[in-house]
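Please read the structure below before turning to the comments.
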Amino acid sequence: MLQDTNKRLQEYNTSLQQYNCNLQADATKNAETIDKLQKEKNTMVETMNGLKDHSNSVKLQLEMAKSSQSEALKQKNNLLSEVEALRGELHQVRDDRDHKSAEINSLLSDLGVYKELTGKSSSELENVMIRCDALEETCSNQTEKIKTLQIQLASANEKLKRSNLTTMETMSEYESQKRMLEDLQLRLTEAEQKIVDGEKLRKKLHNTILELKGNIRVFCRVRPLLSNESGAVSYPNNGENIGRGVELMHNTQSYSFAFDKVFDHSASQEDVFTEISQLVQSALDGYKVCIFAYGQTGSGKTHTMMGNPEFNDQKGLIPRSLEQIFQTSQCLMSQGWKYKMQASMLEIYNETIRDLLATSRTSIQDGAASKYNIKHDANGNTQVSDLTIVDVRSINEVSSLLKRAAQSRSVGKTQMNEESSRSHCVFTLRIFGVNEGTDQQVQGVLNLIDLAGSERLNKSGATGDRLKETQAINKSLSCLSDVIFSIAKKEEHIPFRNSKLTYLLQPCLGGDSKTLMFVNLSPEVSSTSESICSLRFAARVNSCEIGVPRRQTQMRSLSQG
């Protein structure tokens with residue numbers, strides 16, 4: 001019966017994994033659809049801009065045609081006036097010619113009478129003939145002018161007719177372009193609405209996928225061995241725990257653990273960030289996200305969280321997460337989103353809050369730290385009184401803040417590490433997003449936490465101030481585990497107030513918040529006892545189901561499918 005039950009459970013687990021893959025494929029398909037719609041929108045915008053330019057060109061041609069038509073009409077009127085004037089002159093010339101012809105005839109008739117009477121008649125006749133010839137020549141010239149003006153008038157009428165036809169064609173094309181522009185604007189509005197609907201669906205699917213994976217997850221990362229160290233860590237090379245399992249040898253005994261993801265010593269900073277980038281996107285979508293690194297001193301927590309921001313391949317989770325947020329928020333501006341970012345950074349040292357972004361060094365000291373009180377408002381937001389909160393608009397501004405905070409953090413030397421982080425460092429980015437076009441608002445929080453190194457007192461060799469530091473660190477880490485286990489058991493009382501760390505993170509633990517813990521391991525043989533303690537704690541956290549349990553979420557999704 002147990003074998004049959006185990007077989008059915010394995011079949012059920014396989015079906016769940018298949019369903020999870022289907023969901024991821026659907027999410028990818030929806031992302032491609034969104035990209036395609038975005039490209040169509042860009043194409044439509046370019047087409048609309050081209051049509052606007054063409055419309056402006058047509059308007060300019062219409063104005064030029066109207067101007068040409070007006071000039072032609074003016075020229076026609078001038079030519080008509082000139083023709084009328086020439087016709088008047090021609091009429092007058094013809095009258096004069098007829099009158100002169102009558103006079104010539106009269107003179108010719110009188111010539112015979114007076115020829116004999118006077119010797120002057122011959123010369124007078126010659127003069128009259130000369131005048132007649134001159135008048136005939138003038139008449140001929142005026143006739144040629146009239147013909148020329150008539151040709152010009154016909155040409156002007158033809159130009160006016162062509163101008164009228166061109167004007168009508170231009171008006172018809174303008175109306176057609178106007179209707180096309182209105183249709184493109186309507187299609188653009190529909191495409192923008194599809195993009196908005198697609199973004200809502202993406203957020204819903206993205207959150208469903210993360211809930212299926214679990215609202216609290218545990219990753220394990222093993223740092224590389226140094227040249228003078230011998231290793232005690234190995235990884236399964238077959239079975240379902242490939243990439244999820246880690247094994248330790250301690251006193252000839254093997255200890256095996258399995259988590260959501262295990263990064264071996266060869267994993268790069270980019271490999272690690274790729275696995276948590278979806279959680280960073282959730283903060284931009286309006287959820288509270290908490291990512292923290294846990295582990296013994298010298299296991300590589302600070303390298304995982306901060307790394308070396310000066311080199312691209314060595315950047316840790318904090319600078320990479322901030323780069324993703326600023327790049328994504330810039331891309332969402334095309335969809336009408338406007339974001340405001342506020343950053344703060346503090347450390348909890350010996351259960352005392354210190355502001356790492358304070359401008360004055362004296363304000364970071366213990367004597368001035370009592371003013372930092374933690375409060376939670378009705379909306380589940382955390383407020384720390386008098387804490388420096390800086391508006392940030394670019395990754396360069398945040399990088400400057402991180403450098404300033406790193407110079408103020410409390411470190412100390414122990415037998416486990418030459419320079420150990422003796423405080424919990426909490427970087428908080430508050431994200432406020434508004435889309436005026438859709439009246440949407442989001443408020444997300446991203447907490448990135450580099451916890452102090454966990455170590456047993458007999459291993460750390462701590463005395464005096466170092467002993468007090470170690471006791472405070474171990475107490476706060478123990479309180480963190482108590483809170484997580486209490487939330488998982490759904491107990492009525494959750495001991496958030498037992499430490500400053502858990503009280504500060506109260507809104508980001510439980511509910512629909514997303515929590516990820518990195519357990520960092522030192523692979524050397526001398527650290528195996530500490531590593532086993534860290535792995536046992538991480539395994540207990542990994543077994544917890546906070547918020548919407550993974551199994552219930554999967555069952556509900558299957559029933560809906």
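Cβ atoms here come from the backbone N, Cα and C positions, even for glycine.
As given in TrEMBL:
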- Gly295, Gln296, Thr297, Gly298, Ser299, Gly300, Lys301, Thr302: ATP binding site (BINDING)
- 2-96: coiled coil (COILED)
- 125-201: coiled coil (COILED)
- 215-544: domain 'Kinesin motor' (DOMAIN)
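There are 30 other CB atoms within 10 A of the CB of Gly295 (ATP binding site), with all protein chains counted. Under a cutoff of 8 A between CB atoms, and with a sequence separation of 6+ in the same chain, the neighbours of Ser299 (ATP binding site) are Arg223, Gly453, Asn520, Leu521, Ser522, Ser527, Ser531, Ser534. The number of other CB atoms found within 10 A of the CB of Gly300 (ATP binding site), across every protein chain shown, is 21.
Using a 10 Å radius centred on the Cβ of Gln296 (ATP binding site) and all shown protein chains, the other Cβ atoms total 26. Mean pLDDT for the coiled coil (2-96) in this predicted model: 88.
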